[in-house]
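Sequence annotations record features per position, and here TrEMBL assigns compositional bias 'Basic and acidic residues' to 94-103, 115-127. The domain 'Chromo' annotation in TrEMBL covers 27-95. As annotated by TrEMBL, region 'Disordered' applies to 1-31, 94-147.
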Amino acid sequence: MGNSSKDDSLTDGDASSGDAPPSKTSLYTEGEKVLAYHGPRIYEAKVQKAELMKKEWKFFVHYLGWNKSWDEWVGADRLMKLTEENVLKQQELDKKQGVDKNVKSGRSAHTRPKSSADVKAEKEDTKTNVVKTKKRKTESVAEEGASSEKSVKIQIPSTLRKQLVDDWDFVNQQDKLVKLPRSPTVDEILSKYLDYRSKKENTTSDSLAEILKGIRCYFDKALPVMLLYKKERKQFQDVVLDDMSPSNIYGAEHLLRLFVKLPELLAYVSIEEETLTRLQQKLTDFLKFLQKNQSTFFLSTYDSIKGVEGKGKGKDD
């Protein structure tokens, strides 16, 4: 199960890769509580439906404690029985990722639903400080209500979602890093997209240029704060000097992480609804451009941490 988060399809109804005939009975039943992989983490979920799709059992799951918008179809390789042994696996995985420090502040690059371990931790907080917890919950509900009025939805294509999972696995499981500087860089990719749209529309859009300028600005500011994994921070300190912009050093791998965080970043920006709709369309089109050029823009493998750090700029820590 440790590799299932990496190998799963992440999309509804994808074809099964196995040739063995499927079992006539499902491993999981409707209404059953399970543990489910979602990206690099494991969460408590409930099976809503179980169906045989293209010779493979698929399960429609709801992540407990989270909005129904996160409900999705998954394969059996994404699920585990809710047993004491598997809960311990979940907790061990959380510890390895340093979830205790990051989940509540929203700093994890790809996580969404809460795991059962997080829920238990919150219950302990409630026992020790009821008043503080109630205040925190009230503020959380107020923030959620404010952001829901202007929810920014960015649909990341399935192949790019798989890219994100592989990206997490390379860094956190295989101890590998993206070799820097990248080519093409974030700045170059944005310029290529502007050229692509200009040729396609036979004109240069000032509004698109402003959007891409904004993406570049968001990337430069967000990278050191929320787009790097812990194992990448030393590399950042070695390579990105004071007078350098991350968008001129990093590439598509880290740019894609920004799109996971953009809804959160844009939720509290004052944008008119019509403008917001156009922005979402532009961002979606840009992601399709990344997907179209995925084999060119993204690395298929990363370098070992020791090898990458050995090739640093020699900057003193």
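Keep in mind that glycine also has a Cβ here, set from the backbone N, Cα and C atoms.
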- Message: Counting by DSSP secondary structure, give me helix, strand and coil numbers for the domain 'Chromo' (27-95).
- Response: 18 helix, 34 strand, 17 coil
- Message: Return the average pLDDT for the domain 'Chromo' (27-95) as a whole number.
- Response: 89
